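Visitor: To start, I am sharing the structure in question, which I have written as structure tokens.
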Amino acid sequence: MQANGAGGGQQQQQPPPQGPELGCLGAQNGEASAGTAAGEQLAHANGLLPSANSGGPGGGSPGGLGVNNGVPAAGGPGPAAAELGGGGGGSALKKKKRLSQSDEDVIRLIGQHLHGLGLNQTVDLLMQESGCRLEHPSATKFRNHVMEGEWDKAENDLNELKALVHSPHAIVRMKFLLLQQKYLEYLEDGKVLEALQVLRCELTPLKYNTERIHVLSGYLMCSHAEDLRAKAEWEGKGTASRSKLLDKLQTYLPPSVMLPPRRLQNLLRQAVELQRDRCLYHNTKLDSNLDSVSLLIDHVCSRKQFPCYTQQILTEHCNEVWFCKFSNDGTKLATGSKDTTVIIWQVDPDTHQLKLLKTLEGHAYGVSYIAWSPDDNYLVACGPDDCSELWLWNVQTGELRTKMSQSHEDSLTSVAWNPDGKRFVTGGQRGQFYQCDLDGNLLDSWEGVRVQCLWCLSDGKTVLASDTHQRIRGYNFEDLTDRNIVQEDHPIMSFTISKNGRLALLNVATQGVHLWDLQDRVLVRKYQGVTQGFYTIHSCFGGHNEDFIASGSEDHKVYIWHKRSELPIAELTGHTRTVNCVSWNPQVPAMMASASDDGTVRIWGPAPFVDNQDIEEECSSMDS
């Protein structure tokens, strides 16, 4: 017989093996012996035996055992058979190796999945050959009675399951769920008296979840079945509602008795999500549907799919560009420059190319900070330290609505919008801290706060302000209270807050970029690589789910980190002077802008052409 396709030789007939044991060699494992034609067919089907009478290197010797992939072939008993049976004609095979616990778990998971697909005969064969049990016999009986709506029998099954359930309260809860389904089905069938009997004599005596019993009693007033299903948010009598019921009941049973619902799918989904979470470049919405991914390969995202490549260079400013910010809806970009202008750019929704929409002129000091109103209808611009004016434009018309200045000695260098869009706060390092309306009227002020940067929290009351004491404090303009939140050892040049209000990203002089947890008031991470002196550099959160952090740098680069990794995953080159500000498009995760002292704004996006081969090559390089 040929072994693994090797060898030749003359055809050799061997005497049939002796004894009944050898005649069913490896039957449970789908292997076959020379003793049965069915076994030979099964072996052929699995590619184990090339031919029933093939010759091979051992074919000329009566003691030679032909082997294909380690499976005994039709050549004869040979020495291996003597080993197995101690040399006797009625030799017995070694007992099949006992399955490990993990192997049994896997077989049960596969069986459950196949059962869900309706391949019940396959499941029966799998359990028979493996010697495993999909679930406890009492659980199987219970499942069948629930799906058939035989509620009295299902209740009796609970008594059998009682000894297998760890929590004594679980049986009561399971009985409540059963009786609730029974009650609803009676109501849907118009059997009001029977339903009332269940409610009064079976559900109520359980003395469990009386609030739910009151709700159930209200369903007696439903005039027709559609009304009942709508009010109870219930699918109605049948397979759908009983399957949901069974899913709930399974949660109270140990997995050794009955597996949790769709356990294999849940494990696979968790594995896919974990791979995505560990992928440093994953920047798209997570799809929990397993049909959207391949389970045959590991998840990987290529760097070429990430915004690391210059898509466009905007050169319309004629001096240093100090700030850039995408609108909240992602359709526009505003850039502010030392040349005293603000330019608003329109983002093409299809090509993601930007074109000049409006130029807002007249800010004599230069524009170093910009804030969009929550509805993107207004834009506020501030200047550098010696600027005492704040400008507010109507974005749609390009008209200047407000030019605010309380005093020529003021320094208004930062601004933040209240979430209601009707107020904003502004301040600077000379001790001004104002709250104003859209017309620039002063609503409130806080004396003696030397403000470096501002942010309004979503509660509409608290304003965060970094000051010259190397800290961020929270100020409440309603009850006039303030509290310390963040304390650094070096000046905080700027900061920004995540969408959920939990995290703060700080650019700290001579230290770089720091991530703080505002709720726990702890420093979470210090990001490495960036060059930060005493220039004001604005960093940002970005990407899908704000999983990434980007910052400019005095070494002319843009640095990108995954939020949980201190080392940068990308260093973007192209600017020739300090990069003052970066802004990630909040609606297009693969688009980012950077503003530099070189007078340009760069738009970053994925590589122009990305195919599967690029991704595979990247995988190979990562593996090596």
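Cβ atoms are placed via backbone N, Cα and C, with glycine included.
According to TrEMBL, the protein has these features:
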- 1-10: compositional bias 'Gly residues' (COMPBIAS)
- 55-91: compositional bias 'Gly residues' (COMPBIAS)
- 135-194: domain 'CTLH' (DOMAIN)
- 1-97: region 'Disordered' (REGION)
- 314-348: repeat 'WD' (REPEAT)
- 360-391: repeat 'WD' (REPEAT)
- 572-604: repeat 'WD' (REPEAT)
Visitor: With pairs fewer than 6 apart in sequence excluded, do the repeat 'WD' (572-604) and the repeat 'WD' (360-391) have three or more C-beta pairs that lie under 8 Å?
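Guide: Answer no: the repeat 'WD' (360-391) and the repeat 'WD' (572-604) share fewer than 3 Cβ pairs below 8 Å.
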Visitor: Under an 8 Å Cβ to Cβ limit, what residues of the same chain, 6 or more beyond the ends of the repeat 'WD' (314-348), are close to it?
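Guide: Tertiary neighbours of the repeat 'WD' (314-348) are 354-372, 374-376, 379, 381, 384, 393, 395, 538, 577, 580-588, 591, 593-603.
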Visitor: Quick one: DSSP breakdown of the domain 'CTLH' (135-194) into helix, strand and coil?
Guide: 49 helix, 0 strand, 11 coil
